[in-house]
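Under the heading L-glutamate binding site, TrEMBL lists Pro412, Thr414, Arg419, Ser588, Thr589, Glu639. Summarising the annotation, TrEMBL assigns disulfide bond to Cys652-Cys707. Annotated domain 'Ionotropic glutamate receptor C-terminal' per TrEMBL: 328-703, in sequence order. Positions annotated as domain 'Ionotropic glutamate receptor L-glutamate and glycine-binding' by TrEMBL: 338-403. Residues or ranges marked as site 'Interaction with the cone snail toxin Con-ikot-ikot' in TrEMBL: Arg387, Arg594, Lys686. Summarising the annotation, TrEMBL assigns site 'Crucial to convey clamshell closure to channel opening' to Ile567. For 455-477, 538-560, 728-750, the entry in TrEMBL reads transmembrane segment.
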Amino acid sequence: MQHIFAFFCTSFLGAVLGVNFPSNIQIGGLFPTQQSQEHAAFMFALSQFTEPPKLSPQIDIVNISDSFEMTYTCLSVLQKVLDTAAEKNWQVTAVNVMTTTEEDYKSLFQNLEKKKERVVVVDCETDRLNAILSKVIKLGKNGIGYHYILATLGFMDIDLSKFKESGANVTGFQLVNYTDTIPARIMQQWKNNDAREQPRVDWKRPKYTSALTYDGVRVMAEAFQNLRKQRIDISRRGNAGDCLANPAVPWGQGIDIQRALQQVRFEGLTGNVQFNEKGHRTNYTLHVIEMKHDGIRKIGYWNEDEKLVPTAIDQQGANETTNLQNRTYIVTTILEAPYVMHKKSYEQFEGNERYEGYCVELAAEIAKHVGYQYRLHIVTDGKYGARDPETKLWNGMVGELVYGKADVAVAPLTITLVREEVIDFSKPFMSLGISIMIKKPQKSKPGVFSFLDPLAYEIWMCIVFAYIGVSVVLFLVSRFSPYEWHNEELEEGRDQPANDQTNEFGIFNSLWFSLGAFMQQGCDISPRSLSGRIVGGVWWFFTLIIISSYTANLAAFLTVERMVSPIESAEDLAKQTEINYGTLDAGSTKEFFRRSKIAVFEKMWTYMKSAEPSVFVPTTEEGMKRVRRSKGKYAYLLESTMNEYIEQRKPCDTMKVGGNLDSKGYGIATPKGSLLRNPVNLAVLKLNEQGLLDKLKNKWWYDKGECGSGGGDSKDKTSALSLSNVAGVFYILIGGLGLAMLVALIEFCYKSRSESKRMKGFCLIPQQSINEAIRTSTLPRASAAGTSSGENGRVVSHDFPKTMQEIPCMGHSSGMSLGATGL
């Protein structure tokens, strides 16, 4: 259903057809159709017929579906509209503008906005029409998307500059065609006469009411000339009547004057002047004029026979498409690296040669495929395009397209719903999304025990408990199994083997065996029993998998330098307040957060709009500088493509974190209804199929990157091992060596103390007897089968010979006495 709103005050067709003079008096002449209408003065009317005029031109040009709102001041006009609405099954809502206040106008347009009714018909006298248009401008309803149809005969007489600047579409009717031969000649004569009589006054073209007055006087003059030629006496000499007679007495000569007026026919300022048998003007033409942002043009005409006849716009469009090369189009863009940049020493170049970048080459390719000449124009205010909430005007590149200052926009312009309502977009030439830019954090220094990082701390703890558990189980099964017990091997010098059975897997030997297996070094003892070997086998399998997994990850962990990012997603930003974040002040990213209904983004928008100082930046370059100056305390939300480009530029201190917050695309924009829309769209599709768009992106993003092949895409960077990577291993080695020396010292002290205590019970004996006892002692020697070892692999020390043990003990003085006597 198409909804139309209309202001109706008078029937503008009455200006040329109205007949409201009573017919019984029979006074021939020219009379206004409505006595109260200023713009209807001196309109052609014949007094005999009073058939009311119809609203055919408005009805034909509006082509309303079934909903119609109107305001009115003239009940007769309202009745005509209601009659037509009943015939066409329209829904009519009437509002009397005579009693409408300022607040009522505001409420009316608010209701129109809610109903999405943006086609407005205004049919009022000149003064009231100007008042309504002023209120429309004040309320900001003169922007893109609104279509006003002015039911006036002097469309060219109305000041519509505010509507043109704001982008509204205004359609009206023009009775006088100033480009025709007769109006142009007469206008020139008037201009010359005024210049002679009033040389200091600027000449203004007369309004259409003056043209109607001129033609009205000419009709009267030609009618009376015809009466004189026919020798018809129209004087009232001797035929005076009483004007107050009841009933009224008709004037005898009135019928002659009426007939003479009806026979007049000529080409005047208002076109063909002719009357039918009923005295109505006929065979006249109303020119249908349209004003858009690109100016005023004729789009058709209306007459009684053919009704509304549109001009062959399609044919004109075809001719324009054919002759695209004959016109130079204005391509608006924005200085934004790598899309559009100044060349080095660009002052030495002229025209398009001053610029380089992705969009510069894209614009050239599109122009080559479409076949038109173009000139690059940098947007004046340096903005992409947003609608001012107060003035309702568009700025940036969108505004230049809306208000006719540019023909095409080739730039990183995001396709959005609000922009699509006022301009047309091509298919996306680049896909992207909103991303987060932060300052690249410093590389984390590896810890002393970074060699433990390949396995989680939980795994290391489980390995320790597994090691202890396996050692204990091995100790227990060795104690329970009879096959682990065995007799000591026959020692050299012994005639009989010892009757004592030994078990090599004490608790310390079990721990030593498990540790050797885990370190893949082995041990000098092995389980003899089946149960012990099962324990050893599963432990070896366990250590094989663990050591292999550890080795596989160790190289990556030791050779990769990691950067710890304070945030990883939009959720992280929303949860904290230490790091500020913002967007471009006028652009699609800010609009995305403002309109979003997602809880996280709503929370972020609430923070951003209330932050002090403001977190919004005027340009992307300013946002990038703010990120670098903030020392990690500011995050900038921008398109992912620009984020990736900045990440590739020196000083390589920014990075993109997390995924994209949304998915959208850049498109090439044209004004609504532009003839370039379809050719440009086809050119974009063709370039995409040829792979040229990907080649251009690789060229300007990565081939010209300044941060190496990896750039800043990865937070990890492989490098050679440094001492800090393996410092923990050296610390363990040094600690182990120190511990070993400490244990050795403790063992030495402990053994020395034990031997000292035992030696205190020995008696002093002659040196010769000691030497003899040592020679005759049976000390064990190593055999082929090896020596018997004790716990932990230590060789069991032997006691002194029995001859030494049987020496009686005596005091120190006795020893000295023996030595003195020569024993």
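Keep in mind that glycine also has a Cβ here, set from the backbone N, Cα and C atoms.
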Pairwise CA distance, Cys707 (disulfide bond) versus Pro412 (L-glutamate binding site), rounded so that it is a whole Å: 23
Rounded inter-Cα distance in Å - Pro412 (L-glutamate binding site), Arg387 (site 'Interaction with the cone snail toxin Con-ikot-ikot'): 18
Ile567 (site 'Crucial to convey clamshell closure to channel opening') to Glu639 (L-glutamate binding site) - Cα separation in whole Å: 18
L-glutamate site, defined by Pro412, Thr414, Arg419, Ser588, Thr589, Glu639: further same-chain residues with Cβ within 8 Å of the Cβ centre: Tyr384, Leu413, Ile415, Thr416, Gly587, Lys664, Tyr666
Count of other CB atoms lying within 10 Å of the CB belonging to Arg419 (L-glutamate binding site): 25
Intrachain neighbours beyond the transmembrane segment (728-750), with Cβ under 8 angstroms and 6 or more residues off its ends: 447-452
The one of Ile567, Cys652 whose CB sees the fewest other CB atoms within 10 Å, among these recorded positions: Cys652
Spatial neighbour of Lys686 (site 'Interaction with the cone snail toxin Con-ikot-ikot') that is closest, considering only the binding-site residues Ser588, Thr589, Glu639 and their CA atoms: Glu639
Nearest-integer angstrom distance between the alpha carbons (Cα) of Thr589 (L-glutamate binding site) and Arg387 (site 'Interaction with the cone snail toxin Con-ikot-ikot'): 14
Glu639 (L-glutamate binding site) to Arg387 (site 'Interaction with the cone snail toxin Con-ikot-ikot') - Cα separation in whole Å: 20
Closest of Arg387, Arg594, Cys652 to Arg419 (L-glutamate binding site), Cα positions, recorded positions only: Arg387
Residue pair Ser588 (L-glutamate binding site), Arg594 (site 'Interaction with the cone snail toxin Con-ikot-ikot') - Cα distance, angstrom, rounded: 10
Three-class DSSP secondary structure - Cys652 (disulfide bond): coil
Site diameter for L-glutamate, Å, by largest Cα distance between Pro412, Thr414, Arg419, Ser588, Thr589, Glu639: 17
Number of helical, extended and coil residues in the domain 'Ionotropic glutamate receptor L-glutamate and glycine-binding' (338-403), per DSSP: 27 helix, 13 strand, 26 coil
DSSP three-state assignment (helix, strand or coil) for Thr414 (L-glutamate binding site): strand
